[in-house]
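Step one of this worksheet: look at the structure below.
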Amino acid sequence: STAGKVIKCKAAVLWEANKPFSLEEVEVAPPKAHEVRIKIVATGICRSDDHVVTGALAMPFPVILGHEAAGVVESVGEKVTLLKPGDAVIPLFVPQCGECRSCLSTKGNLCIKNDLSSSPTGLMADGTTRFTCKGKAIHHFIGTSTFTEYTVVHETAAAKIDSAAPLEKVCLIGCGFSTGYGAVLQTAKVEPGSTCAVFGLGGVGLSVVMGCKAAGASRIIAIDINKDKFAKAKELGATECVNPKDFKKPIHEVLTEMTGKGVDYSFEVIGRIETMTEALASCHYNYGVSVIVGVPPAAQKISFDPMLIFSGRTWKGSVFGGWKSKDAVPKLVADYMKKKFVLDPLITHTLPFTKINEGFDLLRTGKSIRTVLVL
């Protein structure tokens with residue numbers, strides 16, 4: 001048995017920004033109290049991982065990225081009660097401690113134990129790391145770090161799921177799908193018959209489209225500058241697709257003309273401040289709701305006309321789709337098993353873990369929606 005011992009395994013280490021991932025042998029320490037060590041089976045490539053590579057999201061280096069995954073518990077530290085070796089799990093970049101004000105509130109989901117701040121530590125709760133490589137300490141990423149054969153997470157940052165679930169599919173419930181789907185159902189609470197606009201048609205944006213359809217929206221306007229994304233958006237429920245490049249005027253004016261007075265709900269699923277204000281301006285001046293789903297770039301500030309808000313609009317943010325992670329993830333997996341939603345259309349590529357750099361190239365060139373790496 002490997003329990004209680006250091007495991008040597010393969011991991012993709014990012015030594016510095018704007019460099020390819022380096023496949024290295026790393027040492028993964030055993031889990032401490034309240035921690036679990038997980039054998040990662042499948043992990044998705046999300047734009048937020050790439051934001052660290054480009055420097056748009058500030059993280060301490062060197063680091064093992066990856067946060068959208070599924071795996072099996074290899075061993076548990078002392079005092080762990082809810083998980084045991086052999087359990088199928090999804091790591092949670094938004095943990096659920098069950099004790100902080102966000103966890104205790106019916107309205108909240110962003111647990112205080114998260115490492116998503118503008119100055120992340122990249123460390124476990126005790127201020128240390130479980131990864132070393134070539135004698136150097138390697139940082140964790142938002143409490144998950146899934147671009148490795150083995151990782152260690154806090155027990156509040158792993159959800160036990162149905163062991164029959166296909167891990168190479170449900171790994172998307174660890175981020176992309178849940179983030180988009182929940183932004184509609186949990187954060188915006190879209191009503192039947194509504195008109196919605198979705199800015200950005202990557203994996204998360206398409207999950208927003210699916211959420212709008214599930215909520216009964218009558219018009220779902222999908223917006224992207226890459227027209228190759230439109231067929232998939234329509235397949236998943238978009239009623240119209242708009243390419244801002246086809247117009248001389250700002251996209252919020254186009255949407256206002258298309259809908260009369262603006263959409264009921266808009267979703268920014270890109271992470272650009274320009275599209276955040278466009279999305280806000282495109283919703284109804286008095287009762288429109290706009291939700292920021294894309295991770296905002298580090299150190300950039302928004303300036304906008306406050307009259308956009310004064311007239312009655314609501315501007316909201318949504319992290320992990322507003323779901324209380326440990327409670328919701330097992331239910332979302334169960335819903336997937338009951339065929340209440342699909343994940344296959346989001347997964348355009350499945351690659352062996354060693355081809356991680358190729359997977360990121362597919363993302364950057366707009367050729368993929370989700371690439372799943374199989375370990």
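Every residue, even glycine, has its Cβ placed from backbone N, Cα and C.
Feature annotations, courtesy of Swiss-Prot:
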- SER1: N-acetylserine (MOD_RES)
- CYS46, HIS67, CYS175: Zn(2+) 1 binding site (BINDING)
- CYS97, CYS100, CYS103, CYS111: Zn(2+) 2 binding site (BINDING)
- GLY200, LEU201, GLY202, GLY203, VAL204, GLY205, ASP224, LYS229, VAL293, GLY294, VAL295, ARG370: NAD(+) binding site (BINDING)
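Positions of the features from Swiss-Prot, shown on the structure.
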{"residue": "SER1", "record": "N-acetylserine", "Cβ contacts under 8 Å, 6 or more apart": "SER75"}
{"residue": "CYS46", "record": "Zn(2+) 1 binding site", "Cβ contacts under 8 Å, 6 or more apart": "HIS67, GLU68, CYS175, GLY176, GLY203, VAL204, ARG370"}
{"residue": "CYS97", "record": "Zn(2+) 2 binding site", "Cβ contacts under 8 Å, 6 or more apart": "CYS103, CYS111, ILE112, LYS113, THR156"}
{"residue": "CYS100", "record": "Zn(2+) 2 binding site", "Cβ contacts under 8 Å, 6 or more apart": "CYS111, ILE112, LYS113"}
{"residue": "GLY200", "record": "NAD(+) binding site", "Cβ contacts under 8 Å, 6 or more apart": "ILE223, ASP224, GLU268, VAL269, ILE270, THR275, GLY294"}
{"residue": "VAL295", "record": "NAD(+) binding site", "Cβ contacts under 8 Å, 6 or more apart": "ARG47, SER48, HIS51, LEU57, GLY271"}
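In sequence order, GLY44, SER48, ASP49, GLY66, GLU68, PHE93, THR144, GLY174, GLY176, THR179 are the residues of the same chain, not among CYS46, HIS67, CYS175, whose CB sits within 8 A of the CB centroid for the Zn(2+) 1 site. Of all the binding-site residues listed (CYS111, CYS175), CYS175 sits in the most crowded Cβ setting, with the most other Cβ atoms within 10 Å.
Here VAL293 (NAD(+) binding site) comes close to THR179, GLY180, ALA183, VAL204, GLY205, VAL208, PHE267, GLU268, VAL269, SER318: these same-chain residues lie at least six apart in sequence, with C-beta atoms under 8 angstroms from its C-beta. Comparing Cβ neighbour counts within 10 Å across the binding-site residues CYS103, VAL204, the minimum falls on CYS103. Taken residue by residue with DSSP, CYS175 (Zn(2+) 1 binding site) is part of neither helix nor strand, so it is coil. The Cβ centroid of CYS97, CYS100, CYS103, CYS111 marks the Zn(2+) 2 site; residues of that chain outside this set whose Cβ lies within 8 Å of it are PRO95, GLN96, GLY98, GLU99, ARG101, SER102, LEU104, ILE112, LYS113, THR156, given in sequence order. Take the CB of GLY202 (NAD(+) binding site) and look out to 10 A: across all protein chains shown you find 25 other CB atoms. Of all Cα pairs drawn from GLY200, LEU201, GLY202, GLY203, VAL204, GLY205, ASP224, LYS229, VAL293, GLY294, VAL295, ARG370, which the record names as binding NAD(+), the longest spans 20 Å.
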